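Presented below is the structure to which this report refers.
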Amino acid sequence: MKQTIILLYGGRSAEREVSVLSAESVMRAVDYDRFTVKTFFISQSGDFIKTQEFSHAPGQEDRLMTNETIDWDKKVAPSAIYEEGAVVFPVLHGPMGEDGSVQGFLEVLKMPYVGCNILSSSLAMDKITTKRVLESAGIAQVPYVAIVEGDDVTAKIAEVEEKLAYPVFTKPSNMGSSVGISKSENQEELRQALKLAFRYDSRVLVEQGVNAREIEVGLLGNYDVKSTLPGEVVKDVAFYDYDAKYIDNKITMDIPAKISDDVVAVMRQNAETAFRAIGGLGLSRCDFFYTDKGEIFLNELNTMPGFTQWSMYPLLWDNMGISYPKLIERLVDLAKESFDKREAHLI
């Protein structure tokens, strides 16, 4: 009997378009000799829509439902995703997706799911909290100032100008895929950047800008996590924003990255240490800055990285000899392993 994968995609965050791309890729790459795929779309308003089922490879004409093609007659209760023995693959990015909320819902349903648990998902989603945890693990990061809604913005800007130097980058604490991030060269630009970031979150991070290469490491495993050789994001634009990542195709990837063996070893060790520090499970992608001075800063841990066939995370593992379809199989197996462990603890 074939294993059922419940593919959850879409979602309420600004990264829902990326989720659809990732889900389409998974749907096409699955080994249908082993798996059946059932898909559920989460609309921008948070409704669950039962969409397609695939027992064999979809044709080129098959497309997953999006916010533009919703069939509201197929709206179901969220709990309708439950199926005995099925594994959920929540290909959801950003808030209300990889922040622990969906993970908690799936644990209430007693369903195995791919990826990090409630704690590690919510922790890694918040950039400020992640920085504080990684500081305790002794991992170097770019200098920063945290600003929370209700703070005296003028005083916080003064703190930024005392501790950091322009240019700085302003980021919503709970957001990914470069959404809401701005580069500022002066105080007026910083004020505008803060206004933009606060549109997406009530907690904001201002980081020191660094002249650095962007290097990424893939992580796979539960309690025996393994890492990939690093890959490098090569940009055609000064700032790796959402449009450059997903819409304009202004980036390329160099896999493996052209860096020394010593730097590779440090990055892989730091990535594995960071994954363990947040209690990671299943998968993550760890992003580093590598400066002209040879400094290595851990930028962020992404617990549900972009998962299209051309995304960095699957390509990193392909370089290590694990193909995209085999990577999906491995993640499903890890989901069942972590589910069994979690259930065994409930005595």
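Note that Cβ sites are derived from N, Cα and C of the backbone, with glycine treated the same way.
Record features (Swiss-Prot):
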- 131-333: domain 'ATP-grasp' (DOMAIN)
- 161-216: ATP binding site (BINDING)
- Asp287, Glu300: Mg(2+) 1 binding site (BINDING)
- Glu300, Asn302: Mg(2+) 2 binding site (BINDING)
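Structural mapping of features recorded in Swiss-Prot.
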{"residue": "Glu161", "record": "ATP binding site", "DSSP class": "helix"}
{"residue": "Val168", "record": "ATP binding site", "DSSP class": "strand"}
{"residue": "Ser182", "record": "ATP binding site", "DSSP class": "strand"}
{"residue": "Glu189", "record": "ATP binding site", "DSSP class": "helix"}
{"residue": "Leu196", "record": "ATP binding site", "DSSP class": "helix"}
{"residue": "Arg203", "record": "ATP binding site", "DSSP class": "strand"}
{"residue": "Val210", "record": "ATP binding site", "DSSP class": "coil"}
{"residue": "Asp287", "record": "Mg(2+) 1 binding site", "DSSP class": "strand"}
{"residue": "Glu300", "record": "Mg(2+) 1 binding site", "DSSP class": "strand"}
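Neighbour density around each Cβ, counted as other Cβ atoms within 10 Å, peaks among the binding-site residues Val168, Leu196, Val210 at Val168. Neighbour counts of Cβ atoms within 10 Å were compared across the binding-site residues Glu161, Glu300; the minimum falls on Glu161.
The distance from the Cα of Glu161 (ATP binding site) to the Cα of Glu300 (Mg(2+) 1 binding site) comes to 23 Å. Annotation for Glu189 (ATP binding site): same-chain Cβ neighbours under 8 Å, separated by at least 6 residues, are Ser182, Lys183. Computed over the domain 'ATP-grasp' (131-333), the whole-number mean pLDDT of the model equals 92.
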